[in-house]
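Working notes, structure below.
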Amino acid sequence: MGLTLSWLSIIILIPLAGLFLKSFELSPEQFWNILSSRRTLNALRVSFGLAFAAACVNLVMGSIIVWALVRYRFPGRRIFDAIVDVPFALPTAVAGVALTALFAEKGWLGAPLAALGIKVAFTPVGIFVAMIFIGIPFVVRTVQPVLQDLDPEIEEAAGSLGASRWQTIIRVILPSLAPALLTGLALAFARAVGEYGSVIFIAGNLPNVSEIAPLLIVIRLSEFRYADATAIAVVMLVVSFVVIFAVNRLQRWAQSRIPAR
Amino acid sequence: MTIEVRNLVKKFGSFAALDGVDLKVDNGELLALLGPSGSGKTTLLRIIAGLDWPDSGEVSFNGEDALAQGARERHVGFVFQHYALFRHMTVFENVAFGLRVQPRAVRKDEATIRARVKELLDLVQLDWLADRYPSQLSGGQRQRIALARALAIEPRILLLDEPFGALDAKVRKELRRWLRSLHHEINVTSIFVTHDQEEALEVANRVVVMDKGRIEQIGSPDDVYETPATAFVHGFIGESIELPVQVDGGVIRLGDRPLQLTAEGLVPGASKLFVRRHDMLVGPPGTGAFEGAVQHVRNFGPVQRAEVALSGGETIEIDAPRDKELRAGDTIGLNPRRYRIFAA
């Protein structure tokens, strides 16, 4: 108990408190000016907006991947299952370089896309792609064990009671997976918001267009504008807290409807 | 609803789960499929329900081809061994599920659904649990809810897969009696699968004994117990003494000892002699077909169970009345009151 508390304090609470204290060096007015500057607002919008969009895409695609991995037996299934973990393990800079090379105008995917008039690398779309890449394992790995535990008999029961396949998915399967799906969504979102390494390579980092908030913090630090950096950091922290808290509540609500066996 | 199954074959790889099964179920019957695990009884039930498909053969309900329909269209109530209740729904919603997923054209209005669910919960005597979740119920309660859920769609046939298999002995006994009276009340054609012979004999009107994907015997509980058709049935139902004997020249031998039993109508060769434990009557030495030494005696409910080493070399267990004087070391004669011999 004591150990847990001290450890959590040293590792998590004290650095966060330090962050808040640092930001108090600014007057409320200065704080507000930093935040309401166009560049800061745009950076925050890019970070949170794209992270949320990427998490939603991961939720849908991740669910489909999980379904295939758990319910079907196909050649190479184990290999695909292992591949899911690659974004976890790959150093983010390596991922960034790889994605950039792939989506650059002369890259394997970038060239055909450019022919269609779609530019991925060095645009917000590139950030979006990188965020999807690093977020996908979070959805897959949180939903997978829950789906594995889900008894196929309940689908048979629903079928024999007259439910169509679609009704079975909507009324039986999804509600059973809801808490895990929400957790996966939250984790993928949190990871995407904080992602730095893989994004900065592909983003192009144009202020106001494709500049993410973490990068802006680094820029401010390198300019020795420490207070500015902490102000942005505090906002990210607060927004992240709110999101995690909201998802937690949602999750608890969903779980209260599915008490543990 | 009558069910007819003709020459059903189902293979899982090289393993024949069903190996040519024919069966007719009459309207309103309560039929038990009894057999050891791997005998194909669950596979047969699942094919009737539409949850599995045979490799060949026919299934018809009231003369109509059932294999042309999926599980959804067959209107069959299915009760699973592990209940398969929807965990995220209350008991009430579980029972209402079958009514709520009906096509809009035939779906009942909310008031009718509520009334129907209430009625079913009353029927299974669990109306007071309507707002609970399945995880808050005991095993026996869950299985009764699963049954109410299956009955909600007014099934033409009720199929139960080892319905009491996951419950403890006392609850199982209660539910057996309850199921029989429920069937009496609703009178829907029902088939249940079990590996528990006592359950099959106590609950069903007719018992189908299966082994290795084939039907060994179909008959009333009395039939399968009193006149087993095959060696397997005799060995599986009721506790039997099984002795390897040799039939030749009108004599039955156990080892090299001839037994004073009639060999009339028996096929010569290696055979198996079956006697129920309580059908072995104890007498003074030299008076019975068998002779043996009592090894030890235990009291076992209303009987005493004695282990006897026969002079032919085999050791058997017999059940004798409690008032019979039996002591370890006694030499006794044994005479089977009834016995059956099957060619091995």
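Glycine residues also receive a Cβ, built from the backbone N, Cα and C atoms like all the rest.
Taken from TrEMBL, the feature domain 'ABC transmembrane type-1' covers A:44-247. What TrEMBL lists as transmembrane segment is A:46-70, A:82-104, A:116-140, A:169-190, A:196-219, A:226-247.
Here the transmembrane segment (A:226-247) lies next to the transmembrane segment (A:169-190) in space: the count of CB pairs under 8 Å, restricted to residues six or more apart, reaches at least 3. Annotation: stretch A:116-140 has the most Cβ pairs under 8 Å to the transmembrane segment (A:196-219), among A:46-70, A:82-104, A:116-140, A:169-190.
When the stretches A:46-70, A:82-104, A:116-140 are ranked by Cβ pairs under 8 Å to the transmembrane segment (A:169-190), first place goes to A:46-70. If one looks beyond the transmembrane segment (A:116-140) by at least 6 residues along the same chain, the residues whose Cβ comes under 8 Å of a Cβ in the stretch are 46, 50-51, 53-55, 57-59, 61-63, 65-66, 69, 84-88, 92, 95-96, 99-100, 103-105, 107, 109-110, 181, 184-185, 187-189, 191-192, 195, 198-199, 202-204, 206, 209-210, 212.
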